[in-house]
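Trainee: According to TrEMBL, the record shows the following:
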type    : residues              : note
BINDING : C84, H376, E418, D448 : Mn(2+) binding site
BINDING : R123, K313, R344      : phosphoenolpyruvate binding site
Amino acid sequence: MSSRSITPVQSTTIVAAKDWTPTSWQSKPIKQDVDYPDQAHLNRVLEKIGRLPPMVVPGEIHRLRQQLADVALGKAFLLQGGDCAELFDYCAQGPIEAKLKVLLQMSLVLVWGARMPVVRIARMAGQYAKPRSKPTEMHEGKEILSYRGDNVNGYDPNDRNPDPERLLGAYFHSAATLNYVRSIINEGFADLHHPSNWNLHHVKSATLRQEYQGIVDRLTDALDFMKTIGADPNQTGAPLSTLNTVDIFASHEGLLLEYEQALTRLMADPADPSQRKYYNVGTHFIWIGDRTRQLDGAHVEYFRGIENPIGVKCGPSMKPEELVDLLDILDADKQPGKVTLITRYGVDQVDKYLPSHIRAVQESGHVVVWACDPMHGNTKQSVSGVKTRHLIDITRELSQAIRIHKQLGSHLGGVHFELTGDRVTECVGGSMELLDAELLERYETHCDPRLNYEQALDMAFLIAKYQEKQRGFSGMMSL
């Protein structure tokens, strides 16, 4: 039986998931919802957001769907990264450019290592909400509401009441961020001909620095060769090409369903304009977190009806049979790349849980993107008293995930990192050998610790070295 219903409307046809509407989630039990004290105020804000123009268009979403299908089929690699929780203050020229710079440099290194296209998705332009384990917390002996992200309440303990106006703020900050990203990408910000951008002075090990420099030198040689043979549009006057402009897609966790509903629109399918489908036009890619993936829950109900590619966080609490049931709901037509499974176990748990998840998906017939998030399962308390993550744990979980996929005839299609383009001090280790005692020097996160610019490049170089070896040798080699 088809999973979709078809309703003729004049000269077009509405194609939607069976028994689904943008409001059908409201009949389901919900987790991580926000209790707004003034419901009438909330309704006015949501009505306004519902009238505001789309931030993304179906053509962009369709293009990402096609690219993720290639990832699922082993023809491309996914790089997804950005802040744990965006702040409205990050909607500024410096932070946006810094984040784009590190994602672009990482992707270039990965393209060189794998010799395949890299799909770039930023945790940006909407990652303002955060799930919390408890609705309240203690502050100076007083119980207060937890910080839920800039689109709900303030980080200041005196600004914790949920404010519907912050949803409007989320819309306008997201729109401004996307507008600037599109502008600088179209102007050639992604131009690869900037050797001054590659500064490896942070690498303390002389041997490792030489290895990294070797990769950069070979990249530079390849670009110089293209310039010599006239393939460089900067020399020929040709339009911008993949040498200096790329796709950067936006993403966020879909937590606040009232907001997501307001941005869900019935629009023409770019592949078949005679059909109209439901798109979330507030972002390109949206994911369900580990706390909101209940099979009978509101979030799964909402996600099953939108055309956007979607992600699912997959951890130790996910049973294999539950994972298959979830995929059957979210991807009833088994479309390659529709769902990205973002695995997050922890370095000591990946061997225990990942194999059964892979086998279950293989037997189900779903063709998913497998992405490794080696960050979330490896958070620990530091001697300094703040949350941190160790690069050695992150690297080991990623390495084990690659090995397990290969042993089971699967393939790891991508990575998912919490990172920033700034030189913060939140994670321990890496080629800069950041110490626990140095964490408080620039510990700036309002949520979970992120890789800084240098540590993010470390991960790209390590993955590229593995990919290069795979191209030259048979058999599994550890990172």
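Every residue gets a Cβ built from N, Cα and C, even glycine.
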Trainee: For the binding-site residues listed here (R123, K313, R344, H376), tell me which residue's CB has the most neighbouring CB atoms inside 10 Å.
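Mentor: Ranked by Cβ atoms within 10 Å, first place goes to R123.
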Trainee: Have a look at the binding-site residues (E418, D448) and report the one with the fewest Cβ neighbours inside 10 Å.
Mentor: D448
Trainee: List, in sequence order, the same-chain residues at least six positions removed whose CB sits under 8 Å from that of C84 (Mn(2+) binding site)?
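Mentor: Same-chain residues close to C84 (Mn(2+) binding site) (Cβ under 8 Å, separated by 6 or more) are R123, Q127, K130, E418, T445, C447, D448, P449, R450.
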Trainee: Cα distance, R344 (phosphoenolpyruvate binding site) to H376 (Mn(2+) binding site), nearest Å?
Mentor: 6
Trainee: Would you list, in sequence order, the residues of this chain other than R123, K313, R344 that have their CB within 8 A of the centroid of the site's CB atoms, where the site is the one recorded for phosphoenolpyruvate?
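Mentor: Leaving out the recorded residues gives E253, W287, G289, D290, G311, I342, D373, M375, H376, H416.
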Trainee: What other residues of the same chain, not counting C84, H376, E418, D448, have a CB atom within 8 A of the CB centroid of the Mn(2+) site?
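Mentor: Neighbours found: M375, T379, C447, P449, R450.
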